Amino acid sequence: MVLYIIGLGLHDEKDVTIRGLELIKSSSKVFLEAYTSVLSIGKERLEAFYGRDDIVIADRDFVECRAEEIYLPAKESDVSFLVVGDPVCATTHSDIMIRAREVGVKVELVHNASAMGAAGCCGLQLYNFGQTISIPYFDDNWKPTSFYPKIKYNRLGGMHTLCLLDIKVKEPDFEAMKRGKIVYLPPRFMSINVAAEQLIESEEMRKGKAYNPDSTLCVGLARLGQPDQCIIAGTLTELKTQDFGSPLHCLIICGEVHDMELEALRPYLVKNSKFIVDAEGSLFDRSVHGDSNNT
């Protein structure tokens, strides 16, 4: 008897591996985690592809308060816990794995594509990435910038920084709770535009010169692994005005950009940009450097 934590990849029902599909079909229970990320399709399409109609959605409340309902049944029979991307890319999944093993449940992982690997589609080489960070939504009372030192550390070492952007799914409406009602806010998915604005604001607050909003090269990635994937490179100032379309989005703040990376990035630079790129990962005014071929 095993708890299988199965990665579903980045796009639709057909991204699951053959081994993952076989395990899903043979499991006594199947849970779909809908807290740390989301697929571009609904549960119904997954069920139709898997040949079963009993997938249980594990939302935030379920994962945080009732996780034992996922792993304890695996003492008696095989259970599949489905996650978007790869099983090891969220601390939530690691927590369930640890808790399951503590009570004697055997756990096996079935890997798949994730944003951390797929981010290399823009041409930046994965071994040049440093620590990955998460950017949370700012509000009027809370503007956390704990990610800022990690960006600075990465860039001082010439490394790129993958920024995972905040997802708000089934967040409680605290004003409604004050009135004794349980109401959930509509889902929100941070866009690259919002992330760029918050990063600019963070630099203004911290003043640590971790990056320059007007000269540090960044790459916006939307809907990784999907047919309408979008990649646009430019400064934070440029990216905050670009149209990246629907979620999910992530962002890369470049460190030192090597020649091969630079060549791979050129097609994705903001159209009609007045900037050129050098191997240090900085953008310069093309009118000064006389480069008219870079778009």
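Cβ from N, Cα, C; glycine included.
TrEMBL lists Leu10, Asp86, Ser114, Ala115, Leu165, Leu224, His249 with the feature S-adenosyl-L-methionine binding site. Look at Leu224 (S-adenosyl-L-methionine binding site): DSSP puts it in coil.
What TrEMBL lists as domain 'Tetrapyrrole methylase' is 3-239.
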Using a Cβ cut-off under 8 Å and a sequence separation of 6 or more, which residues in the same chain sit near Leu10 (S-adenosyl-L-methionine binding site)? Val84, Gly85, Ala113, Ser114, Ala115, Ala118, Leu224, Gly225, Gln226
Helix, strand or coil for Leu165 (S-adenosyl-L-methionine binding site)? Use DSSP. strand
Neighbourhood of His249 (S-adenosyl-L-methionine binding site) by C-beta distance under 8 A, where only residues 6 or more apart in the same chain count: Leu165, Phe189, Met190, Ser191, Ile192, Ala195, Gly220, Leu221, Ala222
Over all shown protein chains, what is the count of other CB atoms within 10 A of the CB belonging to Leu165 (S-adenosyl-L-methionine binding site)? 21
